[in-house]
């Protein structure tokens, strides 16, 4: 029997519902249960693929090619369960489906309304088969996070749907967890419970009585305040769970367990004889974070650096590399435009970095700065890791400054006589050929999801992976032009990874450099704290070695 846990938020956004959902999933896993996490996003976009990173943050890509919310990255990293298209839905997708059904005549002339048609689509999504990773057995728990906060007009159909689900499901098969804020007013020296009371009042006004309150706070909640919250919010005092800031995000499962979150959830389901959790691996990770053997500084040269959520998976993957090497990873965020128009700016800013990371991105803005970062890394023998756009800029840098093709560029930046990087028009997906054109819609038209690659035997990349065949996740529309590979290799940048049909360049590396690798895919999307991606583990090891040498 599958049980459902609905996680909602109140008072303000960005309290950490995604992290709380992921941590609760990890705690249930630690007790031996199978879990799957899903996200309901109330915005009207079909997916976040065309949304600005400044507004939405990172777009997390699944193996099956879904462009999803960054919270699915938290889910994967904390549970190790790979998300799919079936784990994220938006209002845009729901309305698109309903309108298509109406045009086909599926509703048999009925007036199409929010209730029941929209709410039924939401319920069907929530209740769709949730299988474990073998695909053979249903999971024990489905955790469903509702985006936004209670009271948002966009979220009303979702709250109505989960209200109905409590009645639709057998008794004792659902649980509501509400994440809220307990602000501490320093001038008054008091913790204020009124925002939480009003948030729960709003939730109850639409027919949802939370079973558990997860209260974000800066200080410990005094017992009398817990009793007050419980009384006014109609929950047991034991169901008022304190959620203070943790020393690191990987300490969150431990902290929530100590506060009794998982035990309280299981009590709601009447599962009082559940196995005790095994939190050994989380304690090991937290101990490594708290007691590193050293530090390294990684310069991250990007264009969305003012909003760190735009690089959420990348940040975590770099820290996973630190865990693998038992070092603390300090990130020096460098706006790539800083280097444009100033020859010495790159050298001055990157001088103290132990390694340089140039992550993915889109568009011409900041591109020249990334090219200069790649040049600095190549000339100074500083470890360099280019991901997606970062690989493309490394190729352009080599062809400009080593091969002497001064006008080498990307067709993404406009018409060019030397399209070293060009738009992809055709590639293989499974057994089918996918075709795209420059004037296609932007949404959902990139090369998305997991693709295989073949690595050159004896190359550094093959040594790092310990294999010559790999599968990684992609999200890109442009690719290194295969017609320039011979010039690139003559200039010292070797192509050591291709698509299985040999047409698409996937990986480049320099054999005259301690660690200089560019990959067209996004390895950060598959890294886990308890299974760091080998590329990030190797990159941080190279940074550690470079730091020792300098």
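Just so you know, glycine gets a Cβ as well, placed from its N, Cα and C.
Just one of 80, 361, 449 is listed by Swiss-Prot for the same L-glutamine site as 54, 389, 390, 391, 392, 412, 477, and that one is 361.
Of the residues proposed, 63, 64, 69, 71, the one Swiss-Prot records at the same ATP site as 14, 15, 16, 17, 18, 19 is 71. Taking 196, 477, 522 as the recorded positions under consideration, the smallest Cα distance to residue 17 (ATP binding site) is found for 196.
Long-range Cβ neighbours of residue 361 (L-glutamine binding site) (same chain, at least 6 residues apart, Cβ-Cβ under 8 Å): 302, 303, 304, 370, 388, 389, 390. According to DSSP, residue 153 (CTP binding site) is assigned to a helical segment. Counted within 10 Å of its Cβ, the other Cβ atoms near residue 390 (L-glutamine binding site) come to 25, all protein chains included. Mean pLDDT, taken over the domain 'Glutamine amidotransferase type-1' (297-549), works out to 89 on the 0 to 100 scale.
For residue 145 (Mg(2+) binding site), the spatially nearest entry among the binding-site residues 13, 15, 71, 192, 228 is 71, judged by CA separation.
Of all the binding-site residues listed (13, 193, 196, 197, 392), 392 sits in the most crowded Cβ setting, with the most other Cβ atoms within 10 Å.
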